[in-house]
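Annotated features in Swiss-Prot:
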BINDING   GLY39, GLY40, VAL41, ASP42, SER43, GLY44, LYS45, THR46  ATP binding site
Amino acid sequence: MVDNMISKAYYTTEIPEDRFEALSCIKDSQKPLKIILLGGVDSGKTTLATFLANELLNLGFKVAIVDSDVGQKSILPPATISLAFPETNFNNLYEIKPYKSYFVGSTAPIQFFGEMITGTKLLCDYAEDKADIIIVDTTGLISGSGADLKRMKIEMIKPDIIIALEKRNELKSILKPFENKIRVFYLKVYENAKSFSREERKEIRAEKWKEYFKNSKIYNIGFNDVVIGGTKVFQGEKILEDEKYLLESLFKWKILYGSKCDGRYTIVKRDLVNMPRQIDKNILYYIEPERFNNLIVGLIDEDSFCIGLGILKTIDFENETLEILTPISEEDIKNIREIRFGRIRVDENGEELGLLDRDSI
């Protein structure tokens, strides 16, 4: 059940002939070599990545795979960009364990271009002296701002080869500026490529979340034991007691936590009275504590890579602790330097409870 749900793409050599032509070029090109795969949703990028990696392994090359498709992640954990070094043939990318991951914090890249580009670049740089060939799998976001994301990734990563999987020249406008300096292969989307509905994609993601968080434990981590990032709540300095009293009196709130940074207050509160309040959110931003329930957080090491993910079960503002459910070991917990808040809420059964806007916390 898990394998059937989680794995969309499998290793097969029953693919169009033009894939073998691209493989031949890769085989004969000077190493090390960086390859980016581009294509829309359900265009066969992951199937192609699986094929290329296996064939190149068979030829004796050291291969690295950077999985940056945060919406339909093959190499767990979800909501991250992952680097893996497969050493032997594999059936699908789900079988491969990540070597390093970078936390994005969402399955929707639209508001996270910085994380998408930074993570992909850092992992490619890390792999460059450890592999002959780096294969970068990408999201299916190729129109609108998605085209900008692909352009910026190409500019930052500087691949040697781009393989574009197209139906009707939809990638030509993105890639035309690069054609004179990067080898670009335009391949047709395989006519038998399987399509997945939005609901099927959601079910696949649910199985991946559930698989990742099985065998998890609860850890309580103090505010002062780590850096807490990815939220404005802990930026700047904690508000003073007289400031807290004034705000509570003025707006009839119970303030659980408050901070101020660069002239702006951020308050976590509960309403004591149901009443209209005229508040300039550029000066005073307020958050209900429930917004943090079941929030995905990244557990970050000293090198800014993601050790693993956690589900933020509760924030105890009174005792200044975070209650986090995570499958990582107690030994790895000791290596956490930052807990970075994401923007997707998920329960331990894999159910996605909703995405948050980047500025909402």
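Along the chain as shown, the residues are counted starting at 1.
A Cβ is built for glycine as well, from the same backbone N, Cα and C atoms used for every other residue.
With the fewest other Cβ atoms inside 10 Å of its Cβ, the least crowded of the binding-site residues VAL41, SER43, GLY44 in this structure is VAL41. In the three-state DSSP reading, GLY39 (ATP binding site) counts as strand. For the binding-site residues GLY39, GLY40, counting C-beta atoms within 10 A of each C-beta gives the highest total at GLY39. The Cβ neighbour count for THR46 (ATP binding site), using a 10 Å radius and every protein chain shown, is 26.
All protein chains considered, the CB of LYS45 (ATP binding site) has 28 other CB atoms within 10 Å. Taken residue by residue with DSSP, LYS45 (ATP binding site) is part of a helix. When Cβ atoms from all protein chains are considered, those within 10 Å of ASP42 (ATP binding site) total 17, not counting its own.
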